[in-house]
Amino acid sequence: MATGTTTMTNDTILKVEHLSMKFGGLMAINDCSFEAKRGEITALIGPNGAGKTTVFNCITGFYKPTMGMLTLKRSNGKEFLLERLRDFEINKVAGVSRTFQNIRLFSGLTVLENLLVAQHNVLMKASGFTVLGLLGLPAYKTAAREAIEKAQYWLEKADLIDRADDPAGDLSYGAQRRLEIARAMCTGPELLCLDEPAAGLNPKESLTLNTLLRGIRDEGTSLLLIEHDMSVVMEISDHVVVLEYGQKISDGTPDHVKNDPKVIAAYLGVEDEEVEEIEEQLDHATVEGGTV
Amino acid sequence: MANGYQNVQEDVMAKAVKEGAVAGIIAFLMFLVFVGIETYQDINNQLVWRTRWGLLGVFVIVAAVGRFVTVGFIKPHLDKRKLAKAKTGILEVSEEKSFFHKHFLKIALVFLLCYPFLAMMIFGRQGSLKYVDNFGIQILIYVMLAWGLNIVVGLAGLLDLGYVAFYAVGAYSYALLSANFGFSFWLLLPMAGILAGFWGIILGFPVLRLRGDYLAIVTLAFGEIIRLVLINWTDVTRGTFGISGIAKASFFGIWSFDVGAANNFNKAWGLPSSSVYYKIFLFYVILALCMLTAYVTIRLRRMPIGRAWEALREDEIACRSLGINTVATKLTAFATGAMFGGFAGSFFAARQGFVSPESFVFLESAIILAIVVLGGMGSLTGIAIAAVVMVGGTELLREMEFLKHIFGPDFTPELYRMLLFGLAMVIVMLFKPRGFVGTREPTAFLRTRKAVSGSFTKEGHG
């Protein structure tokens, strides 16, 4: 695969450089650059319409960016330019999997089958692209058993083991969210991208979600998530990137971002007379902080 | 209380009379022009018309009485039964299945294996010809076609309106290759399937970028293109005249069914000369082909490719996010479906001994699709039942000679075939919107195998 022009340090898994996305006359993302570190939870936040989901769709191959470079480095040192891969290869080759803002499960398949579909590429190879599997060779049977074991592992993690044989469409909203994460994890990704995983969850479900996501991180998968629920963002993320109108306005630890006047202005809005005051503060801050 | 009950009863009767009358009036207005008036040409080739009040009356009375009986008797009876059941606390859907229900597939298979001999025993050697050929083989061909299309429409959710094209490719492959090169049926059967599958891939490449309605229209167009090529490429296909005298299938090359041949099957076994033995042989061939289709479909569903087909039907975007190559997956579904269409086509050519573009019109595609939808998309059992009902039902109409006594000697029941076909479809879809078998069997389970209700599965959108 193509190698990125810039060298990446080993602890960076995803590097977004000068990403721009134009829809007709609308600049949805304008020259946005950030990095996601390996083994960390990186959160992408911003007001509605800031372009978070667009960034996501560029990274996961659903949009082709107008400009910019998206470099992913796998743990074996291989680098991939995501914008050059075909949509399904981003998962298959580069090891990036995602969930969706509006849940996209295979509602007519059972919970277990959902997780088996996610292991398609591994099973395809084991079944000799169906030919050997049709003949009933033992290699495929072993692979199929292993796939079910892997699914079982993630079902237990997501607390869905009792619902394994029910149709996915029959699950409650919170359970569907967890199943979608479990399904994404069954593809064996190195980077998991979550589009608003806590949307529509009650506080208790949010809490279990936090535990699940931390568990995933501790097992070595890096996470990139879009989230509106600040309790989730501030509690679990190691690194926060803030977008507004398609541009990055802040980048740093949750505490840093929380106190950044630019972020506060973006989220709360400011009165006209305060604008100058804040701009002054900002100038001051950039002089002091240097790289804010 | 009793008085009140009586009042309700009277209300129901009044309502039934009223609704019956309304239904009668509507039927009268609807059928007045269609049924009440008939146009025909007289001796001078002039178009004249006459009235058929009697027939119109029959239609109106059937509608009025039907509605009256439904509202006045059948519905209250059903309601009462439901109420009684609710009171006793027995679930509407009983968990216990009857013996027949549980062993349905085994019983059906045993019946099919005995069917030709049962027909011979009951109707005699020549009498059974009709039952083995027109009913048995004809229905099984449609079962096989519908099971093939089921892979494309029922599993992968790709609406294909031109499936008959692959049937035609299979039939013409056999007809042309056997006429020009003299290859045997047993060599050409797999070849026809492979050729049709190959065509499936060729047609699939440009077509499968489209989704939903657009895909349906383009597949429809491809189906017509194949037919028009068959009509117009007269040098090879002899156009509308078709290809006749296609070689019969042999008994695996050991015995021939040609009358003049030295190794004639009937002579070798000391049987009286009759074509019924060839038909019985063909019956078992198509039965075996059907079983092969069912076996492969069942096996494929448990393979990653089969699961990917069903996942594709449920949500294509999610499939892509999971690293599934959706184009390749769709192509395999298209090619596999086409291959079974090709098998059926080559069998059709061998059975008929004659192929012409007439046999591969759009109506055939529509009937096959209707069988898949009526049976319940994805369900092999449901589709087989639908094929029996639809194809067997229309064949049965040819036998309804007694209807002539009711509607007069001019009445030809076959002509009402399509009307009844449509009527049956509307009725089934009203009462069973997900087809005869609306549930889906999961392909893997952890603890218990539970059927997935049809309300969760999707129909696919391209």
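Note that Cβ sites are derived from N, Cα and C of the backbone, with glycine treated the same way.
All TrEMBL annotations are machine predictions without curation.
Sequence annotations record features per position, and here TrEMBL assigns transmembrane segment to B:20-41 (among others).
Here TrEMBL flags B:53-74 (among others) as transmembrane segment. For the transmembrane segment (B:53-74), the list of distant contacts is 12-13, 15-17, 19-24, 26-28, 31-32, 35-36, 406-408: same-chain residues at least six beyond its ends, Cβ to Cβ under 8 Å.
Residues annotated as transmembrane segment in TrEMBL: B:104-123 (among others).
Annotation source TrEMBL lists transmembrane segment at B:135-155 (among others).
Summarising the annotation, TrEMBL assigns transmembrane segment to B:161-179 (among others).
According to TrEMBL, the feature transmembrane segment maps to B:186-208 (among others).
The annotation transmembrane segment is assigned in TrEMBL to B:214-233 (among others).
Per TrEMBL, the feature transmembrane segment maps to B:240-257 (among others). Beyond the transmembrane segment (B:240-257), the same-chain residues lying 6 or more positions past its ends with a Cβ under 8 Å from any Cβ of the stretch are 172, 174-176, 178-179, 182, 184-186, 231, 263-265, 268, 277-278, 281-282, 285, 349-350, 352-358.
Residues annotated as transmembrane segment in TrEMBL: B:277-298 (among others).
Residues annotated as transmembrane segment in TrEMBL: B:331-354 (among others). Only residues 6 or more beyond the boundaries of the transmembrane segment (B:331-354), in the same chain, are considered here, and those with a CB under 8 A from a CB of the stretch are 137, 141, 144-145, 147-152, 155-156, 158, 160, 163-164, 166-175, 185, 188-189, 191-201, 203-205, 208, 242-249, 282, 285-286, 289, 292-293, 296, 300, 305, 309, 312.
Proximity of distant same-chain residues to the transmembrane segment (B:366-394), defined by a Cβ-Cβ separation under 8 Å and at least 6 residues beyond the stretch ends, is recorded for 104-105, 108, 135, 138-139, 142-143, 145-147, 149-150, 153-155, 160-161, 163-164, 294, 297-298, 310, 417, 420-421, 424-425, 428-429, 432, 434-441, 454, 457, 459. Feature annotation from TrEMBL assigns transmembrane segment to B:366-394 (among others).
Taken from TrEMBL, the feature transmembrane segment applies to B:415-431 (among others).
Here the transmembrane segment (B:135-155) has long-range neighbours at 115-116, 119, 163, 166-167, 279, 282-283, 286-287, 289-290, 293-294, 297, 300-301, 306, 309-310, 313, 333-334, 336-341, 343-344, 347-348, 351, 367-369, 371-373, 375, 377-380, 383-384, 386-388, 390-392, 395, 460, meaning same-chain residues at least 6 beyond its ends whose C-beta is under 8 angstroms from one of its own. Counting Cβ pairs under 8 Å to the transmembrane segment (B:186-208), the stretch among B:20-41, B:104-123, B:214-233, B:277-298 with the most such contacts is B:214-233.
Between the transmembrane segment (B:277-298) and the stretches B:20-41, B:104-123, B:214-233, the greatest number of Cβ pairs separated by less than 8 Å involves B:104-123.
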